[in-house]
Amino acid sequence: MKQEVLEALRNIVGSDWVVSELDQTKGYLYDETELLIRPDAAEDSVVVKPRTPEEICEILKYANEEQIVVVPRGGGTGLCGAAIPTETSIILSMERFKDIIEIDNENLMITVEAGVTLSELIEVLKKHDKLYFPIHPGDESAHIAGMVIENAGGARAVKHGIMRSHIRGVEVVLPTGEILNLGGKLTKNNAGYNLLQLIIGSEGTLGVVTKVTLKLYPEPKYSATLVISFDNFKDAVAAVPKILQEGITPLAIEYVDRVIALEAAKHIGEKWPAEKGNVDLIFMLSESKEDTLYDSCMAIEDICRDCGAIDSLMADNNKDQQKILAIRSNTYTATKHDLADSLDITVPPAYTPDLMNDLMDIAEKYNTKITSVGHIGDGNLHNNILLVDGKLPLYYEQMKEDMYKAARKYGGTITGEHGVGKTRMDSLITHLEPKKLDIMRGIKQVFDPNNILNPNTIFYTE
Amino acid sequence: MNIVVLLKQVPDMEKVKFDSERGVVDRKSAGTEINPFDLNALEAAVQISEKLQSQVISMTMGPPSAEEALKESIARGANDGILLTDRAFGGADTKATAVTLANAVKKLSSYDLIICGEKSVDGDTGQVGAEVAEFLDIPHVYYVDEVRKIEEDYITVVSNICGGRYIKRVKFPALISVTKDINTPRLPSLRNKMMARKAEIKKWSIDDLKEYLNPEEVGLKGSPTRVKRIEVPPEIKRQGKVCRNNISSFVDEIFKALKENKILEG
Amino acid sequence: MTEKAHKGVLVYAEHNKGIIHKVSYELLGKGRELAEKLGAPLYAIILGPKDIDIKELIYRGADKVFYIEDDVFNKPEEMLYKINLVEAIKDIKPEICLIGATTFGRSLAPRVASALGTGLTADCTELEIDDSDKLIQIRPAFSDNILAHIHTVTYPQMATIRYKEFFEAKRDINREGEIVKKQGIIPETRLVEILEEIKGDGIDITEAEVVVAGGRGIKTPEDLKLLKELADLLGGMIGASRDLVDQGYISSDYQVGYSGHRVKPKLYIACGISGAPQHLAGMRDSELIIAINTDPSAPIFNIADYGIVGDLYEVVPMFIEKLKRQESIA
């Protein structure tokens, strides 16, 4: 990065908060994308750590004038390279936006600054008996604003939906330097196009989110986590739609191959509770009455038994439940060294068994295995293409396309929650009709006429 | 063979709130659970019983609601639960608690082994086990992280004590206190959980123990230690001192702080 | 029982195979202070093998030392210790009896207290004498979230005291005191038999009292030796951020972070760790945090008690050198 740019940035945020030595910027160049498919970062990028929206305005105005690329960065937990600066960039780290601005007990809402992590949010809510935020994408070091602009999903979506369902308002700085407040505490608001919804899931291409208002919920009094084991994935997968059709709505239904569960448990020094069988379904439930909770658990177990389940364990205290969630949350990190690509294709939940059958055939075609873990209750499994001898297999692209095709066959999408970022732009071109992409490009153009904010993300912008 | 597991119902520590201004502990909203260390004791007992076909009896002293903890212990493999509950038991310190538990154990037809957890997360004392052993006049071994062997009259365990690991062979009847390293407690199956919800828990009051117990020895009356007051220290704030130049003298300052905190010898 | 019947402060001096445990000196330091307030003598008692250098207990403040000498006390067998200690306390009749809250002390003290029929307060961190000459025992409870002030209505007033809560008593080789040697009571039949001592090798970073952790600032795997040296001097373990584990510098047994181990040591020294949220989640509850990083904007400085903006390859050797110099003085 040119000296004059560093100088200008130092003038805006102070010299301590401009970091340009590669030694120190290294940690800001990549996210959690699989090593062999992530794009290379431009190592001459500079990291800037502003503290106020006004400083961000100035940085963006300057970058806009000088035509310098700006890439916003949160906790770096993304999985599709959205936060990777592929050309010389100003990396805008939001780590100093740490304040909890307001907990509104009456409207059940919380307003936080962008850089508050999910784990910090959970900590704060622990001090308030009755408040609870349901979204849990796995890695608790994610920034809340990162979860907004990536529209995070994760477990617990069966009952509560995804991040989008819980965001009431954001403060956002536009690439042209204006600060906008979108949404608010309203439950209903019909005043024009809903720009808030555009920002959610925009992967850092439309604006820099600095503040977020989230909806909170009264914490359910009784909760439990069931681990139900099966001999094979077919039995497990078949049980899920039947449970949903019964009208039972757990917070989450997760699927995990036993090999993955064991590896993840070992990775964090824990023990996976189930021993019998080869695959597990994890059900997380919460209810306001204890009897209802047990009734749901029994109903789930009955259906699973009918489908061939061989064992079922129940955790109902916090620690045991957190332990299971922690193991589940670490499945990706623990197995990442074996992964070429962990897809997040999503189909309507009832078609999951059909999709999984197709995927079995695809694996057979390439003489490999697909390991799976994920949000089966949402029709959103992470199906893993494995490395072969530590390398991307030659069939990787072809196999991935086959898997995407299978998803489309059942009305599915190529990404349910990770986003397109910089690793799936080519796939998006095949996936979406050209007109849709045109409209998206048009929107980008309106927000960011000089194409300085995270260009070449989601779709090619030049 | 009969194994008694001593356990305690404790508040969920993650949810207990501490008010430093008023100096009070609010555990009302916290919910309760079996003391985590006691789950290791229970698991150790159940593992032995699976090998030797022995009976596992879990026992606790507490309010009537502590029945829940005993039901949970049945879900996790205990055969029976006994709740010592009486207003007269209230306000007990470790000695009065140990006297009560020890005499309830005497009332059992027979026992060979008593297992307890290292300590409770609320009281944090770790004293009750050894005190029970003394009142029963049986040997005890603390900090057991492995059971090596069980013979007709002996149990051989590894005790992690005095900076070493010692293999100790103890004659029955005996009490052992286990650490969290001894095992990973299993989760109950849903079916056991359902079954345990309906289980009958025996409740013994001071009347039921009158052959064994002097009423003067229990509860607040029988407690030689008394809490005069409770203080909730405010959360410690980080120093947040940052140094860029003259690092050597800053390191001196750090050493001073390490000595004040007894991390370094003064 | 009347108060006059009990006089003096008795410190139980712990040893391991004849080497006196430092907690004993800490208790003598505090015991001296209490004894002076009460105008009472300070006693020490040690049950140990032959030839322990027990004069040291006098140099550290004891007026009178009871030495129950027998080689059986080379092994940590609580039952034997109990019988002897109980008899001795019955003879000495102290008003206060202090035992270190080491693993052995925690196992022995409740046994002794119940045999004496007296109360026992566990794991105290502070002791005071009130206006009526009674001992106020202050101890944390609820996982260290509260402090309880406790007094005992029976005698002796007994407490176990946490290690490293008090300063060691100053050593004065001109101090004089009385040494009383006693025969041990060794029963014929023993219910507990120590068969063997085994050496452990388990790595458990969550148990370490001091963690010296390295991150991206560590350039080669060999450089971890520098951290190891510092950790050894502080009686701690080394730890690592995820980067080092991912690069294969060190095994994941040492990884601190959300996807690693969560540690809560007394002292955490972060060397060349920037403090990504991933890492902070695993160590932010450490009691004292020192951070060394060349980048003044590193988030680790936000949660550090002491932050040093500097190169770990210069700063860590400064720590090592100062520690070594201190050792050579002591």
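Placement of Cβ uses the backbone N, Cα and C atoms for every residue, glycine included.
Counting every protein chain shown, the number of other Cβ atoms lying within 10 Å of the Cβ of C:H279 (FAD binding site) is 29. Positions annotated as FAD binding site by TrEMBL: C:R216, C:241-242, C:255-259, C:272-279, C:N293.
Residues or ranges marked as domain 'Electron transfer flavoprotein alpha/beta-subunit N-terminal' by TrEMBL: C:9-198.
Neighbour count (other Cβ atoms within 10 Å of the Cβ, all protein chains): 25 for C:A276 (FAD binding site).
Those binding-site residues from the list C:R216, C:Q255, C:Y258, C:I273, C:A276 that have a Cβ under 8 Å from chain A Cβ atoms: C:R216, C:Y258, C:A276.
The local packing around C:R216 (FAD binding site), expressed as other Cβ atoms within 10 Å of its Cβ over all shown chains, amounts to 19.
All chains included, 32 other C-beta atoms sit within 10 angstroms of the C-beta of C:I273 (FAD binding site). The DSSP secondary structure for C:A276 (FAD binding site) is coil. Annotation for C:Y258 (FAD binding site): same-chain Cβ neighbours under 8 Å, separated by at least 6 residues, are C:P277, C:Q278, C:H279, C:A281, C:G282. Taking the domain 'Electron transfer flavoprotein alpha/beta-subunit N-terminal' (C:9-198) as a whole, pLDDT averages 95 in the prediction. Other Cβ atoms within 10 Å of the Cβ of C:Q255 (FAD binding site) number 25 in total over all chains.
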